[in-house]
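Chemist: Structure below; questions to follow.
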Amino acid sequence: MQVQVQEGQTACDGSLRPLPSAGPASFVPRSLRPAPLRGTSTPDRYSRIEKVGEGSYGIVYKCHDNFTGRTVAMKRIPLIVNDGGVPSTAVREVSLLRELNHPYVVRLLDVVLHEAKLLLIFEYMEQDLQGMLKQRNTAFVGGKLRRIMFQLLLGLHECHSRRFVHRDIKPSNILIDRKESVVKLADFGLGRAFRVPLQTYTTEVMTLWYRAPEVLLGDKQYLPAVDVWSMGCVFAELARRRSLFAGDTAINQLFSIFQLLGTPTEATWRGVTSLPHHNVNFPRWTAKPLRTAVPALDDDGVDLLRRMLCYNPRERITAYEALQHSYFDEVREEEVEKLMRFNGA
């Protein structure tokens with residue numbers, strides 16, 4: 001089943017380009033059409049139940065929505081206030097996120113500006129992928145793994161089509177709705193909204209494990225390809241139940257990548273020697289067969305992973321292209337039908 005993109009596509013070089021309108025079977029839902037934003041609420045609409053986490057941007061609380069009665073998640077983000085007040089760019093960027101309405105992206109329901117804090121109200125999900133991986137005794141395989149990755153790539157493509165780059169995809173930023181058997185990307189767009197420098201993104205060492213090599217080498221372009229690399233690392237982790245690359249420093253992370261994929265050269269990655277943190281004295285490792293790292297994946301799965309972990313970000317497979325890969329042939333039609341039902345098609 002061939003599926004087309006309706007209003008935007010991530011090109012091979014990481015740029016975005018418009019495409020002609022497509023037929024009814026489209027990866028990009030009608031939510032791409034700009035929706036009017038609702039007014040923000042006041043803080044007393046939400047009652048805190050408990051603190052459930054603390055991430056790159058602030059504290060996360062489980063809350064009760066006193067208006068709707070539903071359980072929601074509140075991210076409380078402190079803002080740097082200068083003489084001009086709260087930065088309008090942060091509020092504007094976050095407001096754009098409210099237009100996202102996709103079954104595989106955690107929905108931003110409300111934005112509340114309170115004193116020097118921005119309260120972001122999201123749909124509440126009980127568990128993240130990191131927690132599920134810790135609970136499981138076996139890796140994800142077969143149709144289950146295909147469905148998870150297809151859903152994540154659908155969500156990723158939706159956001160890239162809107163020119164949002166996540167920059168911090170990892171298992172703890174992938175939430176799970178077990179009742180509906182879906183996974184959802186969380187925290188999309190917040191890196192751009194709050195201008196968080198990627199090199200000092202978080203004190204969590206684990207974030208390094210999913211970071212693209214061009215970022216580790218000092219590239220500041222932040223193409224959508226950085227998310228595809230991170231998603232490839234998640235893909236491998238699901239298939240093997242442990243991280244593919246697990247360095248405890250930026251240089252150790254690079255060397256972990258080099259030891260499996262080989263030390264990149266101008267022949268394998270044009271322009272790599274010009275990146276700020278490249279060193280001509282890097283150890284020279286020869287690439288190993290990728291299958292040795294992910295023996296549970298079939299040939300199609302290994303091929304998809306290889307394309308997601310392509311060194312050159314301009315040659316790395318895009319989320320859109322990955323969705324067309326033969327690895328997903330047995331689940332694509334069912335998943336696209338689910339997406340179309342969500343869109344009311």
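Even glycines carry a Cβ here, placed using N, Cα and C.
Since we're looking at a predicted model, the values are computed, not measured.
What Swiss-Prot shows for this protein is this:
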type     : residues                                                             : note
ACT_SITE : Asp168                                                               : active site, proton acceptor
BINDING  : Val52, Gly53, Glu54, Gly55, Ser56, Tyr57, Gly58, Ile59, Val60, Lys75 : ATP binding site
DOMAIN   : 46-328                                                               : domain 'Protein kinase'
MOD_RES  : Ser56                                                                : phosphoserine
MOD_RES  : Tyr57                                                                : phosphotyrosine
REGION   : 1-44                                                                 : region 'Disordered'
Chemist: Determine, to the nearest whole angstrom, how far the Cα atom of Val52 (ATP binding site) is from the Cα atom of Asp168 (active site, proton acceptor).
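Modeler: Checking the Cα atoms of Val52 (ATP binding site) and Asp168 (active site, proton acceptor) gives a distance of 19 Å.
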Chemist: Going along the chain, which residues six or more apart from Glu54 (ATP binding site) have their CB under 8 A from its CB?
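Modeler: Residues satisfying the criterion: Val60.
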Chemist: Write down the Cα-Cα distance for Gly58 (ATP binding site) and the residue listed as 'active site, proton acceptor', rounded and given in Å.
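Modeler: Distance (Cα to Cα, whole Å): 15 Å.
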Chemist: Around Gly58 (ATP binding site), how many other CB atoms lie within 10 A of its CB?
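Modeler: A 10 Å sphere around the Cβ of Gly58 (ATP binding site) contains 20 other Cβ atoms.
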Chemist: According to DSSP, folded down to helix, strand and coil, what is Val60 (ATP binding site)?
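Modeler: Looking at the DSSP assignment, Val60 (ATP binding site) belongs to a strand.
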Chemist: Which site among Val52, Val60 has the most other CB atoms no more than 10 Å from its CB, taking these as binding-site residues?
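Modeler: In terms of Cβ crowding, the pick is Val60.
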Chemist: Across all chains shown, how many C-beta atoms besides its own are within 10 angstroms of the C-beta of Asp168 (active site, proton acceptor)?
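Modeler: Its Cβ has 26 other Cβ atoms within 10 Å.
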